[in-house]
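Now, the feature entries from Swiss-Prot:
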DOMAIN    8-205  domain 'Glutamine amidotransferase type-1'
ACT_SITE  C85  active site, nucleophile
ACT_SITE  H179  active site
ACT_SITE  E181  active site
DOMAIN    206-398  domain 'GMPS ATP-PPase'
BINDING   S233, G234, G235, V236, D237, S238, S239  ATP binding site
Amino acid sequence: MNNIHNHKILILDFGSQYTQLIARRVREIGVYCELWAWDVTEQQIREFNPTGIILSGGPESTTEDNSPRAPEYVFNAGVPVLGICYGMQTMAMQLGGLTEPSSHREFGYASVSLENSTALFAQLNDDLNSSLPKLDVWMSHGDKVTRLPEGFQLTGTTSTCPIAAMSDESRHFYGVQFHPEVTHTKSGLALLTNFVVNICGCTTNWTPENIIEDAVARIKAQVGDDEVILGLSGGVDSSVTALLLHRAIGKNLHCVFVDNGLLRLNEGDQVMEMFGDKFGLNIIRVNAEDRFLDALKGIDEPESKRKMIGKVFVDVFDEESHKQTSVKWLAQGTIYPDVIESAASKTGKAHVIKSHHNVGGLPDYMKLGLVEPLRELFKDEVRKIGLALGLPAEMLNRHPFPGPGLGVRVLGEIKKEYCDLLRKADAIFIEELYNSGWYYKVSQAFTVFLPVKSVGVMGDGRKYDWVVSLRAVETIDFMTAHWAHLPYDLLGKISNRIINEVDGISRVVYDVSGKPPATIEWE
């Protein structure tokens, strides 16, 4: 079996918004890497035993007294080091160079002229018409290096940044002021490949097939002949977790699918057909619609609804798990970004974005071991694993669906009537997006039920029925988003179908709010 962790890159995070992108690019190259806060100890680095180290960018200034520094051991570990943006600046300062604040922040595209020979830029040139090789890059920095450390040579320069890249070929230390991890830097992936593969000497074993083989072996080693329980929702993470576990332990996996009555049209049947009939998993369906709706009666505040849905789910799942008396382990679909977001730096310098529901252990009363086979994987890697395991692409690439389901897409109090109307309207919206080729052009699309009535005319009669809003957005990271400019004729067709086919809806509106100021979901 290939050892997928034999060669590995350590990425130290100084707080850049692009840091996770560095890790995803290294994984894309085919090499395992981990992302740690910058203030790790020498002992932790020694134990991880990296083949190479990358220092990320960050928002701080190296000219300030308390700014983050790389552990000194990074430069004494005997492995190649690449500093990106702030990472280059702290490398320069810590090794005897000088950095100063720029007269202006440089943000956007730039052309770097390459000087002197360096292994980092081998075979790279984005301007074949120039006498000197050049790279089209993305800059985002305030400070700049003004004096090279001893042993370093200048390898790149721009009109506003005289030292845009530097290298010490004997120690294999490299610095770039730009961001090779973003797609705006044309040869960024090739540059990172030069560092990870050619300079660090990593073998590219990190592939879906090898990851599956490794995950199955680790599950077998962890749980042996014990039985495992998993809450299967039909989402990407729990679905891939289920198939990995099934491949490893077969019928010793018990899947519990809690149908809360807040799912999309026919979704419960589709989950059972997919995992029960097609893949042959040991799966129990718990029809808990009445229980959820009863618990939600009279609750109209969004956060209170979320908490109640979460509480009822835990109660239902706990009851089912107690019926499985021989179960010793609980499986969860925790993925790597969940782990990163929940890891607090020991100095408090690295900010915790949020505490994720999948990280931080189990309720005290659940005396089960924890199995997390996706814990090392990014979402795009989970999808690739799912594809290799036989999950259909349309399921793996489906738009995000919130954990509370329709509970946050029915505004105000949740009633069965509202959910049924919303399910039908949303199914028409999604079907028409598929048929028109727009589904994969937008990042997320859904329908929202508004608890207001509007007058309509059907034939010779007057009707007074409910209103729904269509929402479609385009985004890269879901942190900001633009509303999607769907064609008017498509919106008209969707509206006509919903009003004519869904008895109880008299008006359809389209949400043209961006994020910010609006959030993507209404609640």
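All residue numbers here begin at 1 and follow the chain in the order shown.
Using N, Cα and C of the backbone, Cβ positions are placed for all residues, glycine too.
Here the features listed in Swiss-Prot are placed on the structure.
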| residue | record | Cβ neighbours (10 Å) |
| --- | --- | --- |
| C85 | active site, nucleophile | 27 |
| H179 | active site | 24 |
| E181 | active site | 28 |
| S233 | ATP binding site | 22 |
| G234 | ATP binding site | 21 |
| G235 | ATP binding site | 16 |
| V236 | ATP binding site | 23 |
| D237 | ATP binding site | 20 |
| S238 | ATP binding site | 20 |
| S239 | ATP binding site | 24 |
Check: Other residues with Cβ within 8 Å of the Cβ centroid of S233, G234, G235, V236, D237, S238, S239 at the ATP site?
Finding: L232, V240, T241, A242, G333
Item checked: For the domain 'GMPS ATP-PPase' (206-398), the mean pLDDT of the predicted model -> 89
Item checked: Whole-number Å value for how far S233 (ATP binding site) lies from H179 (active site) (Cα to Cα) -> 38
Notebook entry, point to check: What's the CA-CA gap between V236 (ATP binding site) and E181 (active site) in angstrom, rounded?
Noted result: 26
Checklist line | Collapsed DSSP category at G235 (ATP binding site) | finding: coil
Note to self: Measuring Cα to Cα, how far is E181 (active site) from G234 (ATP binding site) in Å?
What the structure shows: 32
